Structures are given as C-alpha cells and as structure tokens.
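According to Swiss-Prot:
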BINDING   S109, L110, L111, P112  (6S)-5,6,7,8-tetrahydrofolate binding site
Amino acid sequence: MRIIFMGTPEFACPTLQKLIDRKEEVVAVITQPDRPRGRGQQTLPPPVKVLAEQHGIPVMQPVKVRVPEVVESIRELAPDLIVVVAFGQILPKSLLDIPPYGCINVHASLLPRWRGAAPLNWCIIDGDTETGVTTMMMDVGLDTGDMLLKKTTSIDPDENTQSLHDRLSIIGADALAETLDLLNAGKLVREKQDDALTCYASMLKKEDGLIDWSRDPRSVKNLVRGMTPWPGTYTFLDGKMLKVYRVRIAEGEGEPGTVIGAGRQGLEVACTGGSVIIEELQLEGKKRLPAGDFLAGYKIATGAKLGHKDAA
C-alpha cells in the first residue's frame, strides 16, 4: 500500500518510525517549511523532516497544502492512503478525496472530547484523569470524522504536558499500527462521533498562562501542569515576571495572590479555598531554580502580592 505521511513536530515521529519499522511503502513525507525556532530563532527543519531524510524518504514542505499545484503533485504520487499526525494545516476536500482508502488522522484525545489544536494541554488544564489517542477518518470538519480505534491512558495527578506528550506519541504510533492491521484485514469499523459530547481544545497563547489566584488551588495546579513546558504559566512580583513551573496544593488561608509563606519548602501563595506552594520558579532576569534555593538568595516577604503586572 502506497502511503503518504503528513506530520510536523516531535509528536508525529514515533508514528512515522512505526511505518518505517513495519516496512510500509511510504512514498513521501509532507511537512511544514523550515522555520525559526528557539531562543536564537535559528531556522530549523521540522523533526519529521529530519527523520524522513535519515531514511531516504522524499520530503515536500509546502507553505500551503491546499493550493492546486500542491494537491496535484500529491495526486501524481498516487497514494492508497494518507496518514496525518499533527501536520498543522487543514486539508482541503480535493486532497482528502485522493487516496482510495482515505486519510487517517492520529488525534491526541478520546474523541469527541477535545477536538482542536491543543488537546494535550486542555485535558490537563480541565482536570481530566484519563485521555488517550483516537484514530479517525478525516473529513472537511475539524476532527469531526468517523472514529476507528481508541487507546486510553490515565493522567497522573502530578504530570505535565511534556510527559503526557511523550507517552501519547508512542501510544499513537501503536494505535495507527493496529488501525492499519484492521484495514488490511478488512475489519475496520467506523463509528460516528456524538457532537453533543464534544469540547474544543483551542490553540494556546502566552497570555493564557497568567495565573488567576482567585481560582481554587486545584485549578491553579492544573493550569501549571497543562501549560508546562509551553506556553508556560506566570505571575508578577513587584512588576517582574515570575515564571511558575511546578506547584503542590496546600491548605493555607489568605487573600488570593498573597504570599503566606516562604522558606525551604517553597513559596506559598493563597488562592480561593486554600493555597499552593510554588516548588520551582524563575524570576525575570534570574535562573530557573527550585523555590527553596531561590528563596535562600532572594527574600520575598510574607504579605507580598502576586498578580497582574500593573497590580499594586
């Protein structure tokens, strides 16, 4: 079976590697253009491109996959199936209609929950205790196609998006392999999604990481977990950004956003109905440190206020 693989970030690499290991006929990989990334804004290739080139697979990097010339070049490759994992562009109907076996997407949630761009983040932010991967037939909607196979995993109450990302990328590769086996055996069963059960995982922005201390401790912890490592959570102390990487829930009382303890255990901040202890942080212009180490050299008084940059 002639397969085109479409994907871009690290999350997609285990699935491509699985296709390679299975000796599937991957005739091309389509990924996003090389783009500036990281602190130095160095132009770097997508991880999927690097993996494809290591195995001698032809790579295409269209700025827009929907333009007619690109669609035509894909048609000329005569794929039987297109596999899509975190590609980053919407596929037009003209492209979806090309392969006789359709386009199968590996989506990092238990559909119909968390359709959209950032399911890994939102399932943690919302406090879900279980998530997984769904393989689905793609249609013109946003993650609305028929479901094929699901694999579930529990979410540890202390894990962040990075560890969940790494685990689901492997689960996704296994799910795709099982889906292909069912397809080859003629046993693939399609299941319609129930739109009434859906919710959307919208793309996150840096400003979404500003901590609202008027929330309850569990919600604050879930935000920190769900936004780590990107886009990150933060607050402000005396007008300086304070990045927050890890917290634990406590039972202190005080005005939300007020520092109610600072010591070797961390920086305790009042929320509504309790408190959190910041265990790892980074003040603007300083190194990322365990909070106890940071507080050994930088005094923050009990009663100090955390909040918006312009907060008094």
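For all residues, glycine too, the Cβ spot is worked out from N, Cα and C.
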Around the Cβ of L111 ((6S)-5,6,7,8-tetrahydrofolate binding site), the count of other Cβ atoms that are within 10 Å: 26
Other same-chain residues whose Cβ falls within 8 Å of the Cβ centroid of S109, L110, L111, P112, the recorded (6S)-5,6,7,8-tetrahydrofolate site, in sequence order: H107, R113, W114, R115, P119, T134, D143, M147, K150, Q193, T198
Surrounding CB atoms that lie within 10 Å of the CB of S109 ((6S)-5,6,7,8-tetrahydrofolate binding site), all protein chains: 24
Cβ neighbour count (within 10 Å, all chains shown) around L110 ((6S)-5,6,7,8-tetrahydrofolate binding site): 21
